[in-house]
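A.B. asks: This is the structure I have questions about; it appears just below.
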Amino acid sequence: MAHNEPITIDDAGDDFDAVEDNQAINEQYKVWKKNTPFLYDTVITHALTWPSLTCQWLPDITDVPDTDYTSQRLIIGTHTSGQANDHLIIAEVLLPKKGAGISDKALADLYDEEKQEIGSYTASPARIRAIQTINHAGEVNRARYMPQNPELIATKTVTGEVYVFDRTKHESKAPANGECKPDIRLKGQTKEGYGLSWNALKEGHILSASEDTTIGHWDIQGYSKQDPSLQPLRLYTGHSAYVADVEWHPKNENMFGSVSDDGQIMIWDTRSDNTAKASSQVQGHNAEINCISFAPSSEYLFLTGSSDNTIALWDLRKLSTKHHSFEAHTNDVLQLSWSPTSPVHFASASADRRVHIWDLDAIGAEQTPDDAEDGPPELLFVHGGHTSKVCDISWSPSSPWTIASASEDNILQVWEPSRHLRTPYEAEFDEKDLE
């Protein structure tokens, strides 16, 4: 609204509601901050210069000599809305080593209210810092590394192209001229999107989901330095609306799943010649589906998250039946991340400013009325540290129970729920329980 426009009664009401909403959000945040020492073993809150729409842990971890810290790396990006050059960023995160011998009381005493951090065992440099910036044309909608070579990072752009950067061929600090020089350009889609997935079993194969209703499939091993632009091996055209997400199956190199604003879940087989019709599909939700995630330890189970505020659990053997609906979010479910070490736990991010951790083992468990007021039995933990929509989450492959979450108000958080809250729930899950 321009400053010189008269405020109508309706506008004034909207402004008043917005102020009330902000006050409520701030009050909730104060309560969360007060309870942080009792809910977490680690919390790091880092204010970015620009919001990041994406975050993903890199798989490496190194000890920092003569300290109680390990060093891990995160891939993030910028969303400057044209106000500055955009960048793909590699950030270093210093995390306390496990088993450092800190008592619970000492841990609570080490809570730094000003920094909003817990787990600062020793004096240290900045806990999160950029160690490499690479120029990017427009905001980084999503960034994901190739499993077989984590130095190769693909990004979703606002133009529809997918960029691939070999970060070892770029300086640690991006040139000030802002010129974007991806090592490979994947062409063929005409609109932006967010879904991006590397094949963990077939090196170089990557999928991209687009607002132009297509799914692109490329093999980057087909590129040459003389011509770094690649056309897709295939464009899949089965969806009738914006394709929000796509993911390769972790145990079948020929299978992938896609979800769309059309409410459809589609399972594709790359050995089929029909790129217009999926091998199987189902109406998954009665609203837009925003994300899909296959269970890394299962051949059959996967999750979908929707703008109907729910997460659905599916079994590929019985796709016509939704096996369970996880219900606790109060706004769109935007992203999902399975634990890399536990087959029964996953995290979900939502526009309701929350990240939830869920426990498949607890589905159907008995609850007291008091417990039921806090949510269903399978809701293990609620992270309330964000005051704006959570855009992306990533579960650390190197530090069990450590999660990174990025929100649209420039905040990046790295956190680990208290071991006392999670220990009773670290159990085994049997897929036969679903049958």
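Note that Cβ sites are derived from N, Cα and C of the backbone, with glycine treated the same way.
Keep in mind that this is a model prediction, so the values were computed, not measured.
For reference, Swiss-Prot lists these features for the protein:
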REPEAT    135-175  repeat 'WD 1'
REPEAT    188-228  repeat 'WD 2'
REPEAT    238-278  repeat 'WD 3'
REPEAT    284-324  repeat 'WD 4'
SITE      Leu301  site 'Important for interaction with HAT1'
REPEAT    328-368  repeat 'WD 5'
REGION    370-374  region 'Interaction with the histone H4 N-terminus'
REPEAT    385-425  repeat 'WD 6'
A.B. asks: For the repeat 'WD 6' (385-425), what does DSSP give as the number of helix, strand and coil residues?
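C.D. replies: The breakdown for the repeat 'WD 6' (385-425) reads 7 helix, 18 strand, 16 coil.
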A.B. asks: By a Cβ-Cβ criterion of under 8 Å, what residues six or more beyond either terminus of the repeat 'WD 1' (135-175) are in contact with it?
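C.D. replies: Sequence-remote neighbours of the repeat 'WD 1' (135-175) are 52-54, 56, 58-60, 75-81, 85-88, 90, 181-187, 189-198, 200, 203-204, 206, 208, 210, 212, 216, 218, 220, 392.
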A.B. asks: So what's near the repeat 'WD 3' (238-278) in sequence-distant terms, Cβ-Cβ under 8 Å and 6+ beyond its ends?
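C.D. replies: Same-chain contacts beyond the flanks: 193-202, 205, 207-211, 213-215, 217, 284-296, 299, 302, 304, 314, 316, 319.
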A.B. asks: Measure the Cβ-based neighbour count of Leu301 (site 'Important for interaction with HAT1'), defined as the other Cβ atoms within 10 Å of its Cβ.
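C.D. replies: Result for Leu301 (site 'Important for interaction with HAT1'): 22 other Cβ atoms within 10 Å.
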